[in-house]
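Positions annotated as compositional bias 'Polar residues' by Swiss-Prot: 1-30. Residues or ranges marked as region 'Disordered' in Swiss-Prot: 1-41. The phosphoserine annotation in Swiss-Prot covers SER20. The compositional bias 'Basic and acidic residues' annotation in Swiss-Prot covers 32-41. Residues or ranges marked as substrate binding site by Swiss-Prot: HIS143, ARG144, LYS159, LYS166, LYS167, GLU168.
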Amino acid sequence: MSSLEISNSCFSPETRSPSSRQSVEDNASEPSGKDVDDVQEKPKDIIQFTAEKLSVGEVSQLVVSPLCGAVSLFVGTTRNNFEGKKVISLEYEAYVPMAENEIRKICNDIRQKWPVRHIAVFHRLGLVPVSEASTVIAVSSAHRAASLEAVSYAIDSLKAKVPIWKKEIYEESTSSWKRNKECFWAAGD
C-alpha cells in the first residue's frame, strides 16, 4: 500500500530545503546508522499540477531512497517548432480533479506491474516557454529495468488517459489547440 500526496502548488522558496518538505519526508524513515536491512520506508506517490516552473532536480530528489539503486526520469519540454511553424510557448489546461484521479490509477497500475519504490508525476499548467519542462516523471526502484519501464509506461498512459489539453502558441501571433491522438476519447477522429 502506498501513501499519496497531491498538491496543486509548486515549491515555494520556503519549501526548497529538504527539512521543510515535512509532508513528503514524514512518509519515510531516515537511516540513522542502522543496518540497511533495518530501513523502513513507505512507498510514495507524489502528484502535482502547478503554474510554476518545474525543477527536474527537485522532483527527482523526491523519489530518492536508500533502498533504491535507480531513479529514472522523463522530462517533457517545449520545443521551438511544429510543422514548420515557430513555437514560442505551449499553454496547458487540465480538469485537475479528474487528472489527479487518472494519474493515481496510473501509479497503481505501475505498482502492480513493477517493483518500484516512489513515483512523482509533476505537470505544468498555463504557459510553458520553449525549453522549459512541462512534465517531469520520476520513479525509483532497486534496479534500473523496473524504473525505466515504469517511466515509459507512465508517460504513455498519461498522454492516453489524463484530461490535459495543450495549445501551441506561434511566433506569428496565432495559436492552435492540439488534439492528442493518443488519448482514448479522441480515438476515431
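Using the three backbone atoms N, Cα and C, a Cβ is placed for every residue, glycine included.
Features recorded in Swiss-Prot, as mapped to the structure shown.
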residue	record	DSSP (3 states)
HIS143	substrate binding site	coil
LYS159	substrate binding site	helix
LYS166	substrate binding site	strand
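Listed in sequence order, GLY69, ALA70 are the same-chain residues at least 6 apart in sequence whose CB falls under 8 Å from the CB of HIS143 (substrate binding site). Of all residue pairs in the substrate-binding list (HIS143, ARG144, LYS159, LYS166, LYS167, GLU168), the one with the greatest Cα separation is 37 Å apart. Cβ neighbour count for GLU168 (substrate binding site) (all protein chains, 10 Å cutoff from its Cβ): 20. There are 15 other CB atoms within 10 A of the CB of LYS159 (substrate binding site), with all protein chains counted.
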